[in-house]
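*Asks:* Submitted below is the structure of interest, expressed as structure tokens.
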Amino acid sequence: MNVPRETIAAIATAQGRGGVGIVRVSGPLAGRAAEAIIGRTLKPRFAHYGPFVDDAGQVLDEGIALYFPGPNSFTGEDVLELQGHGGPIVLDMLLQRCLQLGSRLARPGEFSERAFLNDKLDLAQAEAIADLIEASSAQAARNALRSLQGAFSRRVDNLTEKLISLRIYVEAAIDFPEEEIDFLADGHVLNMLDDVRAELSTVLREAGQGALLRDGMTVVIAGRPNAGKSSLLNALAGREAAIVTEIAGTTRDVLREHIHIDGMPLHVVDTAGLRDTQDQVEMIGVQRALKAIGEADRILLVVDATAPEAADPFALWPEFLEQRPDPAKVTLIRNKADLSGDPIDLQTSVDGHVTISLSARSGGAGLELLREHLKACMGYEQTSESSFSARRRHLEALRHASDSLEHGRAQLTLAGAGELLAEDLRQAQQALGEITGAFSSDDLLGRIFSSFCIGK
């Protein structure tokens, strides 16, 4: 790739005061900057302690300097790191000294961008750096580290290699018709295609769990008025986040609360009670509730266990299942178990539906069952050494690849159209390439790296 030859510099540590602060320099002038600031030639990859001086020889600070000649560095270029005291004034003086020596101020994420452009890491690994820095739980940090070490990229590369092999076979048959390869008769293409589709489905499922751990799961609390939805929100949040009264329709708008369960991020949304109403304000609240239901990763359908309607909770609101047609993402909460006499428990039906009996007001064991259930929904129990971090962008690319393979299979089996299959295979490979950066527009790269910290 065409990598810019300018030398860049930035403060690489977080803003504020600390024991240690780092100024990072990358580019062809890094070695010259090291000699000017330290006053001597630095031995590569060794720590050198001494004063950092300005152009007049005045000491700015003292600390450790590290010099990494390219290509054996993070960016693939010559890199200098100055580790001094972590005061903002001291660090700014060091940075200004580097700029005086010919560097320019780095853009956000430009160090990682140069590492990507110099093939030191791929795009998924570069994004994992930001994910590791921003991780909100230990599990999310571990997943981001595995992605940084290439776990996700290797899965994508393996899929890409299989697609390339399949494309070679298909396109050879198209280009050399005298070989008379019958795609359907020999079954080879279909077997290879189905193998790739199965593996892609597994990667997509695991990436979805990785994205939930990174971004957090949106949990919508829905149900009839006075079912105890706001009490459940307060119980999960551990504070009085919502007003609770005996008056039906107290909650008239969506209320959002961001919480963590064992370090795992959840975005909990309390909604207006679902019912027919003539009140204009409450009607708007119901419409917003239905919209939130449609956007949820998980729905907690709360019913009052003491009410007759609890026997058939999914008949409470006709539009409910229309708004969220996937029943697998609905957890039934039988609330007020302290009044109904229901035992506190979690039950899973033969079709996979989960029902939890609890008392939101009393908390206790029932609330703990719900917390464990939500952790399981996020993949907390399924994480392993093969887990990795993923982003919504990655999921879109994987879905695009999956759709292309499904379309290509239909073209082959229904019409025997090898040419159309070849095009679908090409599109699937391109979609996978967008994950690692093999196929990425400049606009996409700009958006990704601009979200990084300066100095990263």
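Cβ from N, Cα, C; glycine included.
Okay, these came from Swiss-Prot:
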BINDING   Arg24, Glu81, Lys120, Lys456  (6S)-5-formyl-5,6,7,8-tetrahydrofolate binding site
DOMAIN    216-379  domain 'TrmE-type G'
BINDING   Asn226, Thr245, Ile247, Thr250  K(+) binding site
BINDING   226-231, 245-251, 270-273, 335-338, 359-361  GTP binding site
BINDING   Ser230, Thr251  Mg(2+) binding site
*Asks:* If you measure Asn226 (K(+) binding site) to Ala272 (GTP binding site) at Cα, how many Å is it?
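*Replies:* A Cα-Cα distance of 10 Å.
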*Asks:* Taking the Cβ of Lys336 (GTP binding site) as the centre, count every other Cβ atom within 10 Å, in any protein chain shown.
*Replies:* 24
*Asks:* Fewest other CB within 10 angstroms, which one of the binding-site residues Arg24, Lys120, Lys229?
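*Replies:* Lowest Cβ count within 10 Å among the binding-site residues (Arg24, Lys120, Lys229) is Lys120.
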*Asks:* When DSSP is mapped onto helix/strand/coil, what comes out for Lys229 (GTP binding site)?
*Replies:* helix
*Asks:* Cα-Cα, whole number of Å: Lys336 (GTP binding site) versus Ser230 (Mg(2+) binding site)?
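*Replies:* If we compare the Cα positions of Lys336 (GTP binding site) and Ser230 (Mg(2+) binding site), the gap is 13 Å.
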*Asks:* Taking DSSP three-state, what's Glu81 ((6S)-5-formyl-5,6,7,8-tetrahydrofolate binding site) in: helix, strand or coil?
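*Replies:* DSSP assigns Glu81 ((6S)-5-formyl-5,6,7,8-tetrahydrofolate binding site) to strand.
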*Asks:* Any idea what the Cα distance is from Arg24 ((6S)-5-formyl-5,6,7,8-tetrahydrofolate binding site) over to Ser230 (Mg(2+) binding site), rounded to a whole Å?
*Replies:* 49
*Asks:* Express the predicted model's confidence over the domain 'TrmE-type G' (216-379) as a mean pLDDT, rounded to an integer.
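*Replies:* Within the domain 'TrmE-type G' (216-379), the model's average pLDDT equals 78.
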*Asks:* Would you mind checking how many other C-beta atoms are within 10 angstroms of the C-beta on Ser230 (Mg(2+) binding site)?
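*Replies:* The Cβ of Ser230 (Mg(2+) binding site) has 24 Cβ neighbours within 10 Å.
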*Asks:* For Arg24 ((6S)-5-formyl-5,6,7,8-tetrahydrofolate binding site), name the DSSP secondary structure in the helix/strand/coil scheme.
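*Replies:* The residue in question, Arg24 ((6S)-5-formyl-5,6,7,8-tetrahydrofolate binding site), is strand (DSSP, three-state).
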